[in-house]
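These come from TrEMBL:
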| type | residues | note |
| --- | --- | --- |
| REGION | 1-122 | region 'Domain I, interacts with DnaA modulators' |
| REGION | 146-362 | region 'Domain III, AAA+ region' |
| DOMAIN | 180-334 | domain 'AAA+ ATPase' |
| BINDING | Gly191, Gly193, Lys194, Thr195 | ATP binding site |
| REGION | 363-482 | region 'Domain IV, binds dsDNA' |
| DOMAIN | 390-459 | domain 'Chromosomal replication initiator DnaA C-terminal' |
Amino acid sequence: MTSSLAVDDGLHDDGTSGFLPGEITRGWARVAAALPARVGEREFETWLRALAPGACDGDELTLTLPSPFLRDWVRGHHGDLIESLVRAEMPGVARVIFGVAPRPGGAISGTRPAVAAASEAAIVQAAPSQQQAAATRSVTNDLAAPLDERYTFDSFVVGKPNEFAYACARRVAERPSSPGFNPLFLYGGVGLGKTHLMHAIGGELTRSGRVSVAYMSAEKFMYRFIAAIRSQSTMEFKEQLRSVDVLMIDDLQFLIGKESTQEEFFHTFNALVDAGKQIVVSSDKSPSDLSGIEDRLRTRLGCGMVADVHATTFELRMAILSAKANSAQVSVPPKVMEFLAHKITTNVRELEGALNRLIARAKLVGAPISIETVPEVLHDILRAHDRRLTIEEIQKRVAEHFHIRLTEMTSQRRARAVARPRQVAMYLAKQLTGRSLPEIGRRFGDRDHTTVMHAVTRVQQLMETDATFAEDVELLRRMLES
Ligand SMILES: Nc1ncnc2c1ncn2[C@@H]1O[C@H](COP(=O)(O)OP(=O)(O)OP(=O)(O)O)[C@@H](O)[C@H]1O
């Protein structure tokens, strides 16, 4: 990990960090070790290698990158994944903030994930870092990204939430530039199949051999534009773009706040539509909600067909799992699919990732997939999805289990009959909620974070020496996790 930042791995002067010395360094090392397998080795080397942990304030961890551009890119593409890995590996962290590592003598500029910052000027002027140079090279070599052949209409599972978007995509693939369908604007939450549909359109049209198609992410569009400015080849860039029959731009929200790239895109857009060419755009927001995109561009984006890819239903998730298992020719017990479809509800990419991991593990050990192996193989994913568990629920369950009153969880009584269950509840809160030690302390009758730390250590010691006690705690954990 390279960083100009000193790693803050201890308790803060004011005692607000819930971390023991060295925890951040070790926790981050685990996250960094897990990332290449999740995003791919190349992607990791190109974009994520320079990520480094910065300050940890309470339960907020700042991760830094060398430039605003890289920060925006990493946050936009892998922010959710990184946050869920950090929460799983560093249970005291509840939020991740992406910042820019200060130049020597400077300060960290952290921004919250929802806030997109204008960053293109920085990259135009800055000397390219290793990552930027690598990405720029790949950009100048080809106009568009290759289409993923796995993303076809056939491999897309259609259900109520996505049938309209699917129908629109099919229509554009059959008859590009039809009145009313230009541009086609697909929008919806992360990992719900927008990119899949765009590749399916592109693949279908390319195979037909009738039209030329260019697909690229909005971020790549910006990169290409900037590279063209640098190499004084903007005319060539414009001509290349305007020579295609179908232009598809993915994740348009990346252009929020990037005025000059928006302007370039606006002109390209107009030139293509005026020439009767098809535009397909995807975004996580509808055109009217894209604040930070110029009004005139938003208006044009919304004047064709706007199709929402809705959040999946349980039935659709089951159908997707079943289709993926079929195409991998692996038998997955219905119980396992139901479990996954109940647990991983927001993002098909994660659902697919969980299934792939189960399949990979089953192949590796030569044993069939079973419900018993799921918690072990997917513990990090499941933990991230268990985050809705509250400290109050834990207190309630633990109090019931030990037959004490709920109010004893916050009382100052120190009798062992109430103090031990309280310690167990604190331990489970630390393990299962990702809340920081100070926050857990506050919820247990305004106790200090050192009391929580002591409780966690004490419960761990007891679990090692007292098998019955360990069983009790494990049982409680399983009940709370289910
Ligand atoms: N209905 C579906 N049928 C089959 N696979 C799906 C479906 N929806 C999503 N997927 C799969 O889920 C993964 C994520 O989908 P995709 O990348 O298209 O999402 P996205 O909406 O573009 O996400 P992002 O907002 O992150 O760009 C892909 O592997 C895709 O094949």
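Cβ atoms here come from the backbone N, Cα and C positions, even for glycine.
Nobody curates TrEMBL annotations by hand; they come from automatic prediction.
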Next on the checklist: Going by a 10 angstroms cut-off between Cβ atoms, which of the binding-site residues Gly191, Gly193 has the sparsest surroundings?
Outcome noted: Gly191
Checklist entry - Tell me, how many other CB atoms lie within 10 A of the CB of Thr195 (ATP binding site), whichever protein chain they belong to? => result 19
Item to check | Other CB atoms within 10 A, centred on Lys194 (ATP binding site) | outcome: 25
Checklist entry - Per DSSP, how many helix, strand and coil residues does the domain 'Chromosomal replication initiator DnaA C-terminal' (390-459) have? => result 51 helix, 0 strand, 19 coil
Item to check | Beyond the site residues Gly191, Gly193, Lys194, Thr195: chain residues whose C-beta lies within 8 Å of the centroid, for ATP | outcome: Gly188, Val190, Leu192, His196, Leu197, Ser282, Val309, Val348, Arg349
